[in-house]
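**Q** Please read through the structure below; I'll follow up with questions.
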Amino acid sequence: MKKCFLLICILGLGVLLAACSNQSESSESNDKAALSTEDHAIGDEAEFSAEVEQAESSQNDGSVQQKDTKVDEAADIDRKIIYTANLSIEVKDYQKALDTIQNQATDRGGYIVESNMYEDAEYGSTNGHITVRIPQDQFRDFIALVEKGSSKVLESSVSGQDVTEEFVDLEARLKSKRVVEKRLLSFMEQAEKTEDLLTISEDLANVQEEIEEITGRMKYLQNKTDLATVTIQIQENNVSISGMSKDDLNTWDQIKQQFLKSINFLITALSGLLVFFVGNLPIFILLGVIGIAVLVVIKKRRKGNSSHQD
């Protein structure tokens with residue numbers, strides 16, 4: 001009996017130990033599986049983070065490259081500058097100087113915009129001004145030739161207006177308006193309702209009007225930057241005496257001016273007297289007739305008095 005009880009205890013203890021061993025192995029296996037799953041998840045997360053970082057890095061590199069490209073493009077943009085010059089020169093022969101300026105402008109692809117001339121009666125000289133449009137690449141050379149061909153440069157000024165920013169802005173606006181125009185044309189082709197068609201047509205007309213305004217302004221700026229404007233004031237001084245200094249020449253200029261003033265004064269005075277006598281000639285004739293009649297009457301009275309006395 002005791003042997004059977006002991007045998008049962010031993011068998012039960014063996015079964016208990018086997019169960020504990022299986023539970024331990026199962027728990028260890030579950031822990032390993034969980035650990036493996038966690039490691040795999042961590043690996044996937046790390047890989048995803050790496051991909052995100054790589055994508056962000058590529059995007060940043062692209063942005064930097066795009067910015068650098070824009071900077072390079074901005075640096076490569078041709079500057080749009082409107083040049084204007086004003087000259088005041090003194091010449092010996094006005095007509096000769098004017099012809100020379102016109103020929104120089106034509107030879108360089110320019111043209112005359114305006115030309116005015118007037119006579120200075122007081123000094124007996126011819127003065128005037130001329131406005132020329134000249135290609136920008138010939139602008140400086142043209143001014144130098146005009147100054148070189150004059151007797152004296154009285155005034156010279158050059159100014160420039162940079163319209164590059166406005167021109168670039170107009171180009172961007174024009175590009176945007178072209179895209180809108182293209183979309184509206186596409187919508188118009190797909191429109192089925194009359195109301196939609198009218199609305200799209202109105203919007204399209206407004207966009208096309210804005211495009212016309214932008215292109216007109218761009219053409220104006222392009223013309224202004226392609227051709228510079230030069231205004232030249234020409235004063236004639238035809239007094240030229242060799243072997244004299246500038247001070248002596250100025251003295252002779254003053255003598256000439258005073259001499260001309262004296263002649264003008266005499267001519268004006270004689271002209272005034274002539275106008276006075278000729279204009280009042282009927283009055284003088286009437287006064288002469290009256291005077292003659294008075295003299296005749298006086299003489300007759302004197303003769304009558306003389307005969308009475310005799």
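From the backbone N, Cα and C atoms, a Cβ is placed for every residue, glycine too.
Curation does not apply to TrEMBL; its annotations are automatic.
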**Q** Ranges 85-112, 141-168, 197-224, 253-280: which does TrEMBL label coiled coil?
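**A** Here TrEMBL associates coiled coil with the stretch 197-224.
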**Q** Taking every residue in the domain 'DUF4349' (79-294), what is their average pLDDT?
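**A** Here the predicted model's pLDDT, averaged over the domain 'DUF4349' (79-294), is 87.
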